[in-house]
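Engineer: Please find one structure pasted underneath; my questions will follow.
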Amino acid sequence: MDSTDLFDVFEETPVELPTDSNGEKNADTNVGDTPDHTQDKKHGLEEEKEEHEENNSENKKIKSNKSKTEDKNKKVVVPVLADSFEQEASREVDASKGLTNSETLQVEQDGKVRLSHQVRHQVALPPNYDYTPIAEHKRVNEARTYPFTLDPFQDTAISCIDRGESVLVSAHTSAGKTVVAEYAIAQSLKNKQRVIYTSPIKALSNQKYRELLAEFGDVGLMTGDITINPDAGCLVMTTEILRSMLYRGSEVMREVAWVIFDEVHYMRDKERGVVWEETIILLPDKVRYVFLSATIPNAMEFAEWICKIHSQPCHIVYTNFRPTPLQHYLFPAHGDGIYLVVDEKSTFREENFQKAMASISNQIGDDPNSTDSRGKKGQTYKGGSAKGDAKGDIYKIVKMIWKKKYNPVIVFSFSKRDCEELALKMSKLDFNSDDEKEALTKIFNNAIALLPETDRELPQIKHILPLLRRGIGIHHSGLLPILKEVIEILFQEGFLKVLFATETFSIGLNMPAKTVVFTSVRKWDGQQFRWVSGGEYIQMSGRAGRRGLDDRGIVIMMIDEKMEPQVAKGMVKGQADRLDSAFHLGYNMILNLMRVEGISPEFMLEHSFFQFQNVISVPVMEKKLAELKKDFDGIEVEDEENVKEYHEIEQAIKGYREDVRQVVTHPANALSFLQPGRLVEISVNGKDNYGWGAVVDFAKRINKRNPSAVYTDHESYIVNVVVNTMYIDSPVNLLKPFNPTLPEGIRPAEEGEKSICAVIPITLDSIKSIGNLRLYMPKDIRASGQKETVGKSLREVNRRFPDGIPVLDPVKNMKIEDEDFLKLMKKIDVLNTKLSSNPLTNSMRLEELYGKYSRKHDLHEDMKQLKRKISESQAVIQLDDLRRRKRVLRRLGFCTPNDIIELKGRVACEISSGDELLLTELIFNGNFNELKPEQAAALLSCFAFQERCKEAPRLKPELAEPLKAMREIAAKIAKIMKDSKIEVVEKDYVESFRHELMEVVYEWCRGATFTQICKMTDVYEGSLIRMFKRLEELVKELVDVANTIGNSSLKEKMEAVLKLIHRDIVSAGSLYL
């Protein structure tokens, strides 16, 4: 690559080709003969010495890189916030009786309802910027006019673009953000400049391309799968493609005036969010931006970051405007009622909410406060699935919506399988006329005609048409891409009246419905079932209400378990999710940044939003530190030395007593004393003190979800205990037996609150002390009235022992005679003696002086902690991780100790669709040399497939051997990572390259039909196509790699792999193109 292709500060670092024995540079490297750098030859002291030298070298480079950074930004930009204003706008809409056939709001005399919304503006400016308030800006020669009156937020945002200043538009789905993006495109094309429109996913890029092509004509598309008209004035692309263009110094960037980032809140995505951050940092300062986002509460923080790193103004235009107001309803599971809980004015209807909760209470059990009640007929209903009567409830809701003419409806479910099951449940209903069926079938057949004949008979295609003809659709990631697209088109054209969809349908083009239904408001996030967050709920519910068509959008939440009012409010009325950085270092990123002059990995870290968010908190912490110091200086303690000594001894005794408690409650010592009726003092998590309770029973802890789960000794048993002091903030569903985690809303009662008697499950580490008394315990504590009898006994015992219930002596009663334990007890005795000799022990002022000193001591500790936080925030975050990753790259031979990139590093720079380290090692080890193209494709599928599926059958030798060789190299890389102090579990790293589809890919490359390979796996058809598309991307990158290292045989092999993969349904294009 010629350095003249690079823009601004980018200049490629020259890289020496390897020399042969005659000292001549060898351009055609035989990768099979390249020395293996994966063996780390240094051990013990030599390795420590190497690490020490690397750190010294690293520190010098950081200083050097800092000076480069400072040269580029001679003045650190401290953004100035200005031009803050808020506009209140109101409008009148027709009154609506909604689903409950009753007036929901106060109606004006003219029969209208008045609704209001806000538009807020603020701008982050570089210091001394010559700024004119946005309200004073007059658009003279507008790039684009509109046949309708712009909403206030659109008008403000367009004024920002008109005068060439970046803007973040934060607004709800369907609010009209696209109008702002279109103005930026129109202005760029008018000025003969180029504009880039980025989107988070390829499917959305394809849809956006089609939309913008119809609007502007001069539009191109670049997604990795396809390139159309790359010389167009407006280019639509994925963010990954833009990042790749920036790293390669594409000539296109010289002509770009504006970059539009759609769905920029994607930046918080753990996996891909870093791509947005990298791209924004790498873009030249001369470029201006339009950021389109869902509502985010910390938008100004983002604007300040843009202003700081690019030395330009960045406006924030926020609105809570919804073109179609929403009504939010609760539908309790297995019930008949529906309850309006949030009206068009966003008022939470507490009374209706409580009615809905009471309705659930009647379904779950007789006693809403009971922790041991069971569902009727022994059934417990849990959110997140379409089991039990949930399908019947959906049937009921959809029929009601159809009857009241509130269709089309999107039914959101968090499971692909549930979407299909629920849709099949509706298959008896028919929402389409004969004319609609005929038109729909024609559109469907025209789309499917693009596929080869053999693929038109796929089960997924054949089975879905009868549903579609009835006006019922399904949309999830497991569908074939062509089916997803035809369903989107049918939905937009009004042929589908009910669409069952997963969460992914809430991302992308404007495809609203009149009604949105949530089959559950709990979801599995990969680790646990949790309530849907406010941001997730806003994003999905925002699909309700079609602008210009509906007077109201309807949102219905099906709930089958108790929900606290604050949870419901947080979901439907709460703040959207914050935009927090998900920045993390990757090897490809580090190597690409090493490759160009004038920029470095340290530069990326310093300019990341992640770093900015840490540093921005420093002034607040410094203010807090000053307040703490003032409080600290204001406390004077008389006789401070003696008070200090008393405090230190008491804290030491407290620590030793905790050690004693750990020994006493260890299963080996405690279990034999935990007979039914034994009194135990309970403190859950060290803070929730339930006081004294009576043991019911105990059992070994078993995790049915994860049988291999490992617990500490204290966590390995569950003890069921009767307590008198439980308080429930709101009705909570039953506690499962042997579940040590108490649900939200359950806590000890505070003074004045009415507590209840209940059985709670705890672990041994929640036992504060074991009493010397036992109560009578009934055989069946859950029988009617038995808990209350034990509770009464507990109250009586507490009354009889006002000075405290006697506890078991660890030595005399429990016979703990371990030598170390006896020494521990002796230490406590010695300290108690020392404490009694302190001059203040019998002083009347002890309590007062001790309280003052404790407060002063706590302030001192808080100050120390805050100083450490300030220091950590001001330091460059993730710098240690960068050092460790560079060490890995050096030991693998990807770069020199001076950060000069080697040939291996150049290869890794080209790979972003798979693990760059392992793939590079496979290439340089010659692992592909002896493989046939179909074997190579099968091996590469391990990098392209990321989903879970059932275990694949035993692999054929021609596949098992390449897999074994790859895993051996992966294990070596993992060892080098561990030796370089990177947290990695070798087994997890090796097994992250999933082999389950190796045989599927192998047979596909040998000519099997798609129908045949679908029968070989339980993976959804759409997931298979997605894997093949990823595989194609990866193979294309390896073709580029072969060119980079001049390996013609590898290039020919990878080109052959591409031909084998790219056929039939895998090669089918998008309907949007």
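Backbone N, Cα and C define each Cβ position, glycine as well.
Keep in mind that this is a model prediction, so the values were computed, not measured.
Okay, so Swiss-Prot annotates it like this:
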BINDING   Ala171, His172, Thr173, Ser174, Ala175, Gly176, Lys177, Thr178  ATP binding site
COMPBIAS  34-74  compositional bias 'Basic and acidic residues'
COMPBIAS  360-372  compositional bias 'Polar residues'
DOMAIN    158-314  domain 'Helicase ATP-binding'
DOMAIN    393-597  domain 'Helicase C-terminal'
MOD_RES   Thr34  phosphothreonine
MOD_RES   Ser84  phosphoserine
MOD_RES   Ser843  phosphoserine
REGION    1-75  region 'Disordered'
REGION    360-388  region 'Disordered'
MOTIF     262-265  motif 'DEVH box'
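Walk me through the surroundings of each of these features.
Structural biologist: Residues near His172 (ATP binding site) in space but far in sequence (CB under 8 A, at least 6 apart, same chain), listed by position: Ala294, Thr295, Thr319, Asn320, Phe321, Arg322, Ile538, Gly542. According to DSSP, His172 (ATP binding site) sits in a coil region rather than a helix or strand.
All chains included, 11 other C-beta atoms sit within 10 angstroms of the C-beta of Ser84 (phosphoserine).
When secondary structure is read from DSSP and collapsed to three states, Ser843 (phosphoserine) falls in the coil class.
Within the motif 'DEVH box' (262-265), the DSSP-based counts of helix, strand and coil residues read 2 helix, 0 strand, 2 coil.
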Engineer: When you scan the chain for residues with a C-beta under 8 Å from the motif 'DEVH box' (262-265), skipping those not six or more beyond its ends, what do you find?
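Structural biologist: For the motif 'DEVH box' (262-265), the far contacts come to 168, 181, 197-200, 204, 208, 276, 291-294, 296, 507-508, 535, 577, 579.
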Engineer: Should Ser84 (phosphoserine) be counted as helix, strand, or coil on the basis of DSSP?
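Structural biologist: In the DSSP reduction, Ser84 (phosphoserine) maps to strand.
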Engineer: Which of these recorded positions has the least crowded Cβ, counting other Cβ atoms within 10 Å: Thr173, Ser174, Thr178, Ser843?
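Structural biologist: Per-residue Cβ counts within 10 Å for the recorded positions Thr173, Ser174, Thr178, Ser843 bottom out at Ser843.
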Engineer: Do you know offhand how many angstrom separate Ala171 (ATP binding site) and Ser843 (phosphoserine) by C-alpha?
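Structural biologist: Per the Cα atoms, Ala171 (ATP binding site) and Ser843 (phosphoserine) stand 65 Å apart.
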Engineer: Mean pLDDT across the domain 'Helicase C-terminal' (393-597), rounded to an integer, is what?
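Structural biologist: Reported value for the domain 'Helicase C-terminal' (393-597) is a mean pLDDT of 88.
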Engineer: Please report the DSSP secondary structure of Thr178 (ATP binding site), reduced to three states.
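Structural biologist: Thr178 (ATP binding site) sits in a helix per DSSP.
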Engineer: Going by Cα-Cα distance, which of the recorded positions (Ser84, Ser174, Ala175, Lys177) sits nearest to Ser843 (phosphoserine)?
Structural biologist: Ser84
Engineer: Counting every protein chain present, what is the number of Cβ atoms, excluding its own, within 10 Å of the Cβ of Ala175 (ATP binding site)?
Structural biologist: 24
Engineer: Rounded to a whole angstrom, what is the C-alpha distance between Gly176 (ATP binding site) and Ser84 (phosphoserine)?
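Structural biologist: One finds 22 Å between the Cα atoms of these residues.
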